[in-house]
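My questions all concern the structure below.
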Number of protein chains: 2
Amino acid sequence: MTTPQKPLVFGVYEQAAVGLGGVPSLWTHPEDERLGIDRLPFWQNMTTIAEQANLDVFFFGDVLGLYDIYGGGHESAVEWAVEAPANDPLLYVAALAAQTKNLAYGLTASTTYEHPFAFARRLSTLDHLSEGRIGWNIVTSYLENAARNFGLDGQIKHDDRYDRAEEFLDVVYKLWEGSWADDAIIADKAALRYADGSRVRRIDHEGAVYRVQGPHLTSPTPQRTPFLFQAGWSPRGKAFAAKHAEMVFVGNGDPEAVRTGLIDINTQARALGREENAVQSLSVMRLVVGRTEIEAQEKYDLLQSNYHLEAQLVSYAGDTGIDLSQYADHEPLGSHSEGFASNVRNHGKSATPITAGELRAQFSSVTRGQGTTFVGTPEQVADQIEQRAAYTGTTGFMLTQFISPGSLEDFTTLVVPELIKRGLYREDAPTGTLRSRLRADGSSRLDPGHHAASFRFPAR
Amino acid sequence: MTTPQKPLVFGVYEQAAVGLGGVPSLWTHPEDERLGIDRLPFWQNMTTIAEQANLDVFFFGDVLGLYDIYGGGHESAVEWAVEAPANDPLLYVAALAAQTKNLAYGLTASTTYEHPFAFARRLSTLDHLSEGRIGWNIVTSYLENAARNFGLDGQIKHDDRYDRAEEFLDVVYKLWEGSWADDAIIADKAALRYADGSRVRRIDHEGAVYRVQGPHLTSPTPQRTPFLFQAGWSPRGKAFAAKHAEMVFVGNGDPEAVRTGLIDINTQARALGREENAVQSLSVMRLVVGRTEIEAQEKYDLLQSNYHLEAQLVSYAGDTGIDLSQYADHEPLGSHSEGFASNVRNHGKSATPITAGELRAQFSSVTRGQGTTFVGTPEQVADQIEQRAAYTGTTGFMLTQFISPGSLEDFTTLVVPELIKRGLYREDAPTGTLRSRLRADGSSRLDPGHHAASFRFPAR
């Protein structure tokens with residue numbers, strides 16, 4: 001691909017946590033406002049900025065436990081606020097959707113720890129009240145502490161979590177797509193007829209993990225199945241994305257890996273009967289942007305001086321099970337007995353073990369050499385966005401803030417005008433459901449070739 | 001008691017359902033707007049009315065299944081919208097709390113089907129974002145279909161549900177009251193210290209039903225434990241209320257039963273070490289009020305003409321397991337083989353079986369002879385409220401609307417001014433947390449004699 005899609009799609013990544021995933025120590029930056037995450041003004045300010053800038057999606061990640069591997073306990077995560085505390089994003093999405101008109105929301109929720117019946121009702125309610133401005137980021141969860149918060153001795157194995165996720169999705173698809181027919185609602189007061197009872201059916205799901213009778217408790221919503229995000233990048237994760245996802249969230253910063261990975265996912269999706277380029281993508285993007293190169297460099301230096309390696313290592317330990325506090329610099333990673341060893345989050349690195357010292361060196365910079373940070377003037381940053389999109393074929397980018405809401409403000413005030421000049425950013429306010437904005441045919445319903453469509457209520 | 005408490009406390013009862021519990025067919029009334037429950041304008045209108053009238057609480061009931069006993073299936077419940085569809089009130093509470101400043105909310109959620117770790121985080125988040133304007137109505141759920149939606153063959157027995165509820169409450173109390181010390185938060189950017197790790201602890205709960213490690217994922221909220229409502233009226237339900245509830249919701253319309261029941265609950269609470277009159281109460285109140293007696297009678301007649309006995313019998317069947325569609329008028333109730341026979345909702349009637357015809361006759365009126373409906377001019381209705389409060393000792397009333405939002409409008413425009421004249425209704429806007437408004441000492445924290453207080457983090 002030599003020219004990017006025009007316009008690109010842009011989102012902002014958030015978590016209802018003081019320390020944001022990826023850069024968990026930057027709440028200490030003097031301009032950062034993340035200590036305000038508990039209450040609404042912090043969020044209302046950001047969603048107002050996002051809505052006024054016609055951003056496509058305001059996205060919430062989530063965790064269901066603390067990063068308690070580093071140092072053998074939860075103390076460091078709590079002291080340094082590494083993705084902690086972690087409030088429930090669901091409630092903020094509901095509150096913020098009510099206070100914005102056009103902004104759409106992505107919500108992360110776990111197939112491992114939610115119950116599909118209750119979850120399907122929650123998301124249907126949210127789709128109703130937001131009038132279709134909702135996407136669900138399907139995750140299977142990875143923290144040891146999360147497993148122990150939900151009654152398990154430890155994590156369910158990676159691929160087993162995906163097996164459970166497959167069944168979970170069948171249940172929610174049956175409820176969302178198949179329980180109420182399109183023509184079920186009558187809403188005739190005089191006849192005392194709200195619905196046609198014969199057009200509403202039980203799902204009677206009986207599987208290895210779940211038994212759910214139904215019918216779905218909620219009437220058909222604007223999108224029925226909410227728009228589907230997913231972020232797995234393992235072989236199993238990509239196969240799962242090919243079957244289910246409408247948009248993948250790509251954390252990898254290696255352009256070649258992204259390019260081939262996205263082709264791989266869409267090739268698999270096509271083989272499953274889905275439409276051409278069924279799986280869109282948002283790639284993580286971090287920005288350090290100034291009106292001049294000097295200003296950008298000054299901003300970078302201030303970020304670096306408020307960056308703390310130790311907090312990053314808490315996050316790394318939770319993700320990988322490897323506790324760097326137990327390692328001298330010369331020791332290769334993985335040489336200690338670990339609590340668990342699944343490298344759950346993809347770091348885009350080779351499988352060859354590096355030493356603890358090499359990892360510390362790699363993590364010594366606030367950008368961590370991950371290839372996801374663009375630095376410079378608005379023109380320089382727009383160049384990097386354009387080139388990255390052209391090379392990788394990504395549908396767009398997910399801004400992860402260094403400082404909140406400063407990074408979002410920098411993006412909307414400095415970079416967006418330059419992107420608009422180049423035709424890379426939408427100029428009009430997005431309207432309609434989230435899916436209708438992102439699908440080529442403008443439909444609010446899933447592609448008929450998607451697995452979920454097989455559960456639809458037969459037409460009369 | 002010869003004079004009621006002044007002022008009384010008033011709430012309004014709602015459900016995110018087209019057919020409202022108690023009067024499920026009145027969505028057919030020409031002035032009713034319940035067909036709009038899915039989206040926000042219906043709710044924003046009512047919460048604006050409630051907030052402007054300084055109402056104490058906007059309360060959401062909930063069900064987790066359909067009333068599928070009547071006629072042997074879910075069809076009637078769906079056709080007539082009997083407590084159906086049933087959206088999740090949690091999302092509306094979050095959205096509405098964001099759009100109101102002082103109005104407090106009660107939220108029904110089930111100890112049988114929620115997971116305590118996820119639930120504790122949800123309510124803590126809601127307590128943060130609403131700045132303490134949240135109460136939780138503890139229920140154990142009763143519908144057969146709900147059990148089958150959550151993987152069970154049928155309902156867990158009534159008293160076993162209460163046993164599970166006791167353990168559920170211990171888990172959430174440990175998370176809310178005992179996981180983070182009052183002095184845990186430091187929030188010092190320069191020192192990279194969000195919290196004192198030694199003042200945040202795991203709960204390591206290991207019980208018959210739940211294993212939860214913790215720590216709680218959310219920092220201490222304005223109320224910590226949300227204000228606690230409960231509605232059980234069985235012997236086990238009253239004992240449960242005496243131990244846990246701060247306010248009971250009383251559906252019974254027999255003044256003598258209410259009077260002695262409330263004394264019983266508070267006597268039991270005192271014996272458990274709780275403070276004097278620890279358990280407050282809101283009694284169900286339905287209103288038909290007109291500027292004149294003639295206008296009130298006309299309103300009553302219009303209600304009656306939009307009332308459908310069949311819809312009421314769907315509700316009765318779901319509550320009791322008794323399917324009147326299978327009974328001729330002469331047959332005594334309970335003489336058929338029933339799917340289940342626990343009379344879960346208390347109807348304030350004796351245990352002697354009546355015939356199906358007698359029940360139909362009793363249910364033929366929109367007021368159903370329950371003693372919870374006050375009819376007349378504003379002065380007449382205020383008299384009835386005052387007398388009922390004086391006799392029963394109830395702390396206040398929970399308005400259940402016949403027509404929405406018309407009944408609430410009638411209450412606030414016609415009855416409230418009369419109540420204010422008598423000193424029975426607050427004149428100022430409620431401020432602070434819900435608990436601080438309702439407790440005599442103005443504290444946002446639970447009574448130190450409450451069971452939950454035993455889990456508190458020791459002072460340093």
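Placement of Cβ uses the backbone N, Cα and C atoms for every residue, glycine included.
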I'm validating the feature mapping. Which of B:24-46, B:208-230, B:369-391, B:438-460 is tagged region 'Disordered' in TrEMBL?
B:438-460
Quick check: of B:D62, B:D68, B:D196, which does TrEMBL put in the same FMN site as B:T108, B:H158, B:Y162, B:S234?
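Within the candidate list, TrEMBL flags B:D62.
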Same chain, outside the region 'Disordered' (B:438-460) by at least 6, Cβ under 8 Å from its Cβ: which residues?
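Residues 9, 56, 132, 169-170, 173-174, 176-184, 199, 201, 222-225, 227, 243-244, 246-247, 272-275, 278, 280, 432.
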Helix, strand, coil residue numbers for the compositional bias 'Basic and acidic residues' (B:438-450) per DSSP?
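Taking each residue of the compositional bias 'Basic and acidic residues' (B:438-450) in turn, the totals are 1 helix, 0 strand, 12 coil.
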Using DSSP reduced to three states, classify B:T108 (FMN binding site) as helix, strand or coil.
strand
Max CA to CA distance in Å over the FMN-binding set B:D62, B:T108, B:H158, B:Y162, B:S234?
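So the binding residues stretch over 19 Å, Cα to Cα.
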By the DSSP assignment reduced to helix, strand and coil, which category contains B:Y162 (FMN binding site)?
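In three-state terms, B:Y162 (FMN binding site) counts as helix.
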List the same-chain residues at least 6 positions away in sequence whose Cβ sits under 8 Å from the Cβ of B:D62 (FMN binding site), in sequence order, or say none.
B:Q15, B:A16, B:A86, B:D88, B:P89, B:T108, B:A109, B:S110, B:V139
Relative to the Cβ position of B:S234 (FMN binding site), how many further Cβ atoms are located within 10 Å?
16
